[in-house]
Amino acid sequence: MFDPITIFFLTFHTFAAVLGLTFNGIVLFLALFRTPKTIAAYTTILINFAVTDFLACFTDFFIQMRHIPAGFTMAYMSRGLCTLVGPHFCYLIYSINISLVAHGLWSLLLGFSYRYYILFHPAPSRKALIIALLIIYIPSFIQMWVFLLADDDAVEIKRILMERFQEYELENATVCGTINVIEFPAMYTILHMTVPITPVYITIWVLRKKIIAKLVSNSKDMSAKTKEMHKQLLKALTWQALIPGFYGMSVFSYVIAQFFYSHPVFEYTTLTGFLFMPVLSPLACLIFIQIYKKRVLSW
């Protein structure tokens, strides 16, 4: 029988993942089949967002992971469908999941950079955007494969957890993880998942401020229709700029559980915060891009 905290987080993950799959599926359909040529280049970034976020929600649904630091050991307890296969399969899906989350953060930075760039230059070609997306995916791609090398013996991981957390019910749990996070495969992943959020978040807000300043300075010569479009864009920028805050919440929960205080709430929140990003990100398209909003409302 699951405790109330576990039931709450498993219910939330299931509900949020299904919502995220639905939202991103709609955005992907609209971007592929209902996008006018006038924003065809930006559609490349939207498709990247939709695919990345869809897969992030899909993998989260399958792992339902709890992140349990135990000194130099990092354990992951799964409650999702991956447990039907085994702990190493759960670890594989988890590695894919967090690489997608990391790529989502870098993609958000690219999205803001694109909006700032086109205020002063012609829109880049689709080919150039694809190359840019491939470049920013390199760190996440490396992380995904390197982290697989940190998949240690599940029996030993469970033994370490049972010694350290005797109050946890671990006997029949599916547990995987890394015995020593100081080693390169795990440490690279930890650093890549925790360090970039601060500079990336600051850069996003700086770009947002510069974009808004430029739009305001040009507003005098705009038509009423153009002003309304930019008003919606400003709302979308604000929405998207807030999203990485949930990534920061995950990093904060990890730091608390790793160095200060172990508690199931922090252990679950580490990955729950990551889930907010792919669920909320597509709403920026569905709510603030009028072409897509009208399509959805017409269904």
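Here the Cβ of each residue, glycine as well, is placed from N, Cα and C on the backbone.
Summarising the annotation, TrEMBL assigns transmembrane segment to 7-33 (among others).
The annotation transmembrane segment is assigned in TrEMBL to 39-63 (among others).
Per TrEMBL, the feature transmembrane segment maps to 129-150 (among others).
Residues or ranges marked as transmembrane segment by TrEMBL: 187-207 (among others).
Taken from TrEMBL, the feature transmembrane segment covers 237-261 (among others).
The transmembrane segment annotation in TrEMBL covers 273-292 (among others).
Cβ atoms under 8 Å from those of the transmembrane segment (7-33) belong to residues 43, 46-47, 49-51, 53-54, 56-58, 60-61, 64, 66, 79-80, 268, 272, 275-276, 278-279, 282-283, 285-286, 292, 295-296 of the same chain, restricted to positions at least 6 beyond its ends. When each of the listed stretches 39-63, 237-261, 273-292 is scored by C-beta pairs under 8 angstroms to the transmembrane segment (129-150), 39-63 comes out highest.
Packing against the transmembrane segment (273-292) from elsewhere in the chain are residues 13, 16-17, 19-20, 23-24, 26-27, 30-31, 34-36, 39, 46, 49-50, 52-54, 56-57, 60, 97-98, 100-101, 104-105, 108, 229, 232-233, 235-236, 239-240, 243-244, 246-251, 253: each is 6 or more residues past its ends and has a CB under 8 Å from a CB in it.
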